[in-house]
Structures are given as structure tokens and as C-alpha cells.
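Record features (Swiss-Prot):
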type     : residues : note
ACT_SITE : CYS114   : active site
ACT_SITE : HIS246   : active site
ACT_SITE : ASN276   : active site
REGION   : 247-251  : region 'ACP-binding'
Amino acid sequence: MLKASLKSIASYIPEKILSNADLEKMVDTTDEWITRRTGIKERRIASENENTSDLGTKAALKAIERANLKPEDIDAILVATLSPDYFTMPSTACKIASNLGLVNISAFDISAACSGFIYLLEQAKALVESGLKKNVLIIGAEKTSSIMDYNDRSICILFGDGAGAGVVSLDNENHILDVHTASNGNYGDLLMTQRSQKSSLCQTLSMQMKGNEVFKIAVNTLSNDVVEILAKNNILAQEIDLFIPHQANLRIIKAVQEKLNLSDEKCVITVQKYGNTSAASIPMAMNDAYEEGRLKKGNLILLDAFGGGFTWGSALLKFGGENF
């Protein structure tokens, strides 16, 4: 039966590395403290002349090629980001469409913070299985450095830049089995990008987070969510080939891994080298596993994410891309 399948995965990783040692020179922190609390050792930072759309475009071109398609085969572009090129418009998706030479196609952004890629999978699955679209390009892209206060040691240590992309199309096998998304806006003030309005045309954005509260809710929510999606689909955790979570904090990842009783071999962890890249983190981690030969065609994959909003989600899929 023809159903939605993730036919490719790719990423773009900026060259510049911002290490914990570098941050020690910028704010009152230490490599030991950052590593112990987060598991992060370094993160990537885009250059000044790279916008979020540029990062997304580079990942998109690789994803399209790996799906054995051309840009003109794409009939919808969906982007998840909390760091768009422009504050209101045009959308980052429209900028990427322009970069790819595409017009007269659907292109829009969604705002679901770190859960963004899960939300994209759900939307792309619905679009292709309804027959409205054939090949949907989904992109998580972030230049979080553009909204980061590098004087705030509580948050600047966490985030990095990057992009990941994939193509969702119909296929007879290796389907996106299930996607679950949810939200609770009552906790919105615990993790937000605050707007400080200097004038009607001049605004400064900065990310703010109450980390301890976010940590507790994230662990409980994600642990319950992954258990529920597995039970709903009559799948045992031990049947999962790879668990690829949002890369926010090593302690959160390990807590959910322990809940599922999964071995380290089945858990993909990249937070140590990229930090939290928000909506880009899952596809970036997937691409690392793909290029390392760990993610193969037909593998059963469990994804999960939690982000500002609060938003969260999980997905079960059999990877439909050709082996690297």
C-alpha cells in the first residue's frame, strides 16, 4: 500500500566551532560544569553572512539529491525554525524555495521550537497521503546564535547552529508509521524568545529559559510520550533499531533511554558536538547516524522531541532512504 515514507535525510553543519573553552573566556563558566550539566563539549556557529535560509538550502539540496529527485520535483517546502531570516515575513521556507529556483509551490514555516521536525513529519505525512502533494521537502534549520545573549551564561552554553532536511513521498514500503504531537501553552513562560520593543520598528530578541523547571517537565513528558506511542502501535522498545531523540541535554536523553531500557548502541547522541540546535537537532542526528552506516533502509526508528510552547512529539518510522 502506498503511504508516506521518509526517502532521504541530510544536514548542513557550519564550520566554526565554539568550544566550552571558548565560552570560558566569554562568561563565568567552566568546561567541567557545562559537560557535567549538559553533556555538551562544543557547538557550531554560522558565519555572519549565513542566514537560516542558507543553512536550510544547503541541507535541502543534499536531501533532494539523496531522494533521487531534482528541485523541480518538490511541490511543497515546510520549514521548522525559531530563528527565521526575518521577524515576520517573508518566511524562511519562501526564501529557500527562491534559493532552489522554485515558484508556484506551497512554502511555509511552522513554529514549534525544538519539536519542529516532528511536527513537520506529521504535516508532510498528511499532505502526501491525502494526495495533495507528491514530494514534500521538510527542513529544520536554526541560526540560534542570531538570537542568543552571549552574556547570559545560563543559556548561551546550550545552543548551536545547523540544519537538517528530508523528503517525504509515497512508497510501497518503509512507511512513517505514526506521529504524535501535543502542546501545553500554560508553561510558555518557562522557555521563550522575549521581544524587547525599543520602538515600533526596532526590536531586540533574546532567548530565556527556566532550566530546572524545563528539565523536570521534559523528562516526565518525553518518557510518557515514547511509552504511549510504542504501546499504541504494539511495538516493544527492544524492537527499535535506533532511538534518535532531540539533542537538548545528555541527562534528558539518558533518562528516556533508561526508561526504554535501550542499549547505547541503539541510541544516537550528538549533543556533545553540536549542542542544542532546536528544530535542526533530530535531522542532524539522523544524518550523522546515516553517514556512519548506523541508519539503514528499513530500520525501525523512534524519534522524540520537547520544546518551547511547550510542544512535544514522537514518531515511529521505517527509514525509506537508500543506504549511504
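Counting starts with 1 at the first residue shown.
Heads up, the Cβ atoms here are built off N, Cα and C, so glycines get one too.
Taking H, G and I as helix, E and B as strand and the rest as coil, DSSP gives the region 'ACP-binding' (247-251) the counts 2 helix, 0 strand, 3 coil. Separating the Cα atoms of HIS246 (active site) and CYS114 (active site) is a whole-number distance of 7 Å. CYS114 (active site): 31 other CB atoms within 10 A of its CB, across all protein chains. In three-state terms derived from DSSP, HIS246 (active site) belongs to neither a helical nor a strand segment and is classed as coil. For the recorded site, ASN276 (active site), the DSSP three-state label reads strand. Long-range Cβ contacts of ASN276 (active site) within its own chain (separation 6+, distance under 8 Å): ILE40, ARG43, CYS114, THR144, LEU158, PHE159, GLY160, GLN247, ALA248, ASN249.
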